[in-house]
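Trainee: Pulled from TrEMBL, these are the listed features:
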- N137, T374: pyridoxal 5'-phosphate binding site (BINDING)
- 76-375: domain 'Tryptophan synthase beta chain-like PALP' (DOMAIN)
- K111: N6-(pyridoxal phosphate)lysine (MOD_RES)
Amino acid sequence: MKNVKYGQCIKCGKTYPATPDLTTCTCGGVLEIVYDYDEIKKRLTKAVLAERTERTMWRYRELLPIEETTEPTPLRVGWSPLYDEPRLAAQLGLKQLWVKDDGLNPTGALKDRASAMAVAKAREAGAGVIACSSTGNAASSLAGNAAAAGLATYIFVPSRAPKGKVAQLMTFGATVISVQGSYEETFELSRQAINRWGWYNRNAAINPYLSEGKKTVAYEILEQLGWQAPDYIAISVGDGCTIAGLWKGLKDLHAVGLIDRLPRLISAQAEGCCPINRAVVRGGSWEPMEENTFADSIAVGVPRNGDKALMAIRESQGLAVNVSDREIMEAQQLLGRSCGVFGEPAGVTAAAGVKKLCEQGILGREETVVSVVTGNGLKDVANAIKACGEPISIPGDMNALLRAFSDSGIVVE
Ligand SMILES: *Cc1c(COP(=O)(O)O)cnc(C)c1O
Ligand SMILES: [Zn+2]
């Protein structure tokens with residue numbers, strides 16, 4: 001890879017050749033992929049991108065850690081829509097608000113970006129089997145992207161994973177192990193199994209290439225905004241890989257001169273599980289927390305990439321906001337009703353955070369904000385129904401309809 005220099009430990013600084021099966025440093029630290037920006041700058045310009053017809057995450061291949069000969073993975077990952085939302089912006093009191101709907105990726109989550117990268121790297125490594133543990137979406141995205149590429153998967157999920165996500169795994173033909181325990185215990189078992197059988201490892205943070213896939217969300221947002229940086233980008237945070245990837249993407253664009261100013265990050269977590277945001281507020285490093293939220297994708301008490309996430313939030317002079325499960329449900333309704341976007345609970349946590357920061361007067365008329373929806377609402381229908389309630393249920397009869405309208409106070413014009 002001409003564009004990549006090496007992998008470097010974020011703790012001790014040790015460097016490693018960027019082989020496809022790179023994992024963590026011998027000191028236990030997470031690795032960061034380091035690029036040769038001077039080389040990339042010569043080849044990647046706004047004009048070059050404007051000409052490009054590839055409408056997937058692979059359109060940014062100069063900034064991705066893949067061999068020049070590596071083919072794009074089969075599913076269409078990335079290039080999700082960025083919607084300008086003037087009505088919601090006005091309602092919240094913001095200057096401008098965009099919603100990036102990454103729930104429209106092929107398996108319904110931003111994690112497709114990381115899983116497509118895992119599949120590309122597993123192919124480079126010549127591996128036939130990929131494994132991971134996940135709160136749900138890393139798993140379903142890996143299973144789908146691997147299935148399309150003809151690779152087998154072993155997937156470990158905590159037994160609380162929503163049925164929609166497990167149904168995806170089974171449909172994509174993964175071997176699924178549902179672990180009766182927390183995400184922490186699930187992760188540990190997957191680690192042991194991966195060591196034992198030598199499968200290609202798609203565990204978040206362990207494999208440094210994954211956030212390199214996730215960072216493409218930053219490239220898209222900025223390209224879709226005509227390279228004009230917004231003041232803030234809000235995203236929900238569990239393990240911390242997504243926000244760390246987002247920040248890496250923004251810094252890449254800055255380093256190669258495609259943007260001249262960096263947005264600030266908004267890290268949104270659930271009140272019942274916010275180890276990273278708690279560290280932002282208290283200072284110092286993060287401490288484990290209980291996993292007390294219905295937003296399953298971000299119910300991560302022991303974040304695998306907490307250090308990188310904290311660095312990203314602090315470096316960007318970002319904001320940390322915690323929201324209750326109730327506020328997440330309200331945000332799900334709000335995005336549905338005002339934008340026609342249906343996100344899963346963790347998917348709308350960023351929007352809940354933006355709403356709260358507006359209500360607190362921290363964001364307002366001066367600010368432009370992008371809020372990323374990280375997962376599709378259809379993945380977790382049970383929780384959506386809790387938030388939105390049941391429809392009018394009547395026999396197929398006009399009188400019943402009239403009665404029901406009158407009972408519910410519906411006046412048809
Ligand atoms: C995984 C996930 C997140 C959080 O990403 P992390 O890398 O774990 O911080 C947010 N939303 C959804 C829908 C997810 O699946
Ligand atoms: Zn190290």
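Note: Cβ is positioned from N, Cα and C throughout, glycine not excepted.
For each listed feature, how buried is it and what is near it?
Mentor: The Cβ of T374 (pyridoxal 5'-phosphate binding site) lies under 8 Å from the Cβ of D102, G103, A109, L110, K111, N137, I235, S236, T242, S297, G343, A346, G347, A350, each on the same chain and at least six residues away in sequence. DSSP assigns T374 (pyridoxal 5'-phosphate binding site) to coil in the three-state reduction, placing it in neither a helix nor a strand.
Around the Cβ of K111 (N6-(pyridoxal phosphate)lysine), 33 further Cβ atoms fall within 10 Å across all displayed protein chains.
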